[in-house]
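The domain 'GAIN-B' feature in TrEMBL is assigned to 1-125. Look at TrEMBL and you will find 130-158, 170-188, 208-231, 243-267, 295-317, 338-371 tagged as transmembrane segment. What TrEMBL lists as domain 'G-protein coupled receptors family 2 profile 2' is 135-379.
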Amino acid sequence: GKIHLPREIFQSLSSQTVRVVVTVLNIQQLGMFKEANQTAQVLDNTVLGITVGESSISGLRDPVRLTFAHSELPQHSQPSPLPVAGQAGGWQSSGCATQPGDQGTVCSCDHLTFFTLLLNPALDGSTAKALMAVATAGCGVAMAFSIFTMAFCIFIRCRFRFEETVRTNLGLHVNLVGSLFLLNLAFLLNSGLSGRAHPRTCGVLGGLTHYCLLCCFTWTALEGCQLYLLFVKVLGIYIHHYLAKLCLVGWGFPVLVVGVAGVIGSYGEYIVQTMDQQVIAHLCWITSKHLLVHYITNCGYFGLIFLFNMAIFGVVTQKSCSLQGTGAVQGYRKPWKVALVAAGLFCLLGASWALAFLTYGISSTAVLYLFTILNSLQG
């Protein structure tokens, strides 16, 4: 890039000869200038320091101009007003402004300090509206399939005589699909009412949405526990009122988590904005001040469940293969049928949720659509 120092800087200095020092730092290697909860990305991980002489220079009428040369910026990123490193090591933009130039981004500042260009992740208006439309349509489709699945499971459970284990499995599936139905319903209510809801109502709606999400995760964990009992601990698994106890855990444990989060005031309005700071959507969810609650109760909780379920999936797969190899299982199963059953179990144990979490935060249009579809089509 280029650096332009105005004549005013040198006219204010008493000595005729001064040392001009330009320092270029790779902050990825040094670990400098990092803030807690920083969402912006430093362009090329580079910070530029400029000093002229030994005095502090500020309040310039003719600003210092820096041209940051760069290729096309990452999708869904915008350059913020030129941030400078303050005394506390945080980023500040006072006295600085940015504008696009022919050779990059031009930044103008009325003082000398450490400079860089931050890229804030953001959405353009058309993409954000399209993603909201995809999410809404996906939730509607998922709700329709959830209703059909629950009705089908209840019908065959009542119409045909099964042994107790099969009836328990069907009841477990109904509760899991029911939690997915409630989650999609809560999201649709959230997106439709949150923009004009009273703060207390918004807090209740945010807590309800969080509760439904935790119920989905908990019932996914219970599916893994049931699979372990069926395939690994085959003998001596009779538990009195087993399904009722599962319901107590599946619907009751999230109440405790949401109750604690609500007591500390975690729920409220969460705003989704575009690159030009236009509000795309108001959601009642965990507020930005309590993102730690989101990372612990959602990301951390699901991560533990997924690791547990994948361990169960591995044990069940190994045991099934060993039974097939010893001839304990009668009949021949085609490989595609075995693969289909394995894929179904894989999704039942949370694989689709894991894919959604893996795509979270990646600034790519295709990945954003994939993230939205995976989330809205869970049912």
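Each Cβ is built from the backbone N, Cα and C atoms, and glycine gets one as well.
Note that this is a predicted model, so its numbers are computed, not measured.
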Listed stretch, out of 130-158, 170-188, 295-317, 338-371, that has the most CB pairs under 8 angstroms to the transmembrane segment (243-267): 170-188
Stretch among 130-158, 295-317, 338-371 sharing the most Cβ pairs under 8 Å with the transmembrane segment (208-231): 295-317
Local confidence of the prediction over the domain 'GAIN-B' (1-125), expressed as mean pLDDT: 74
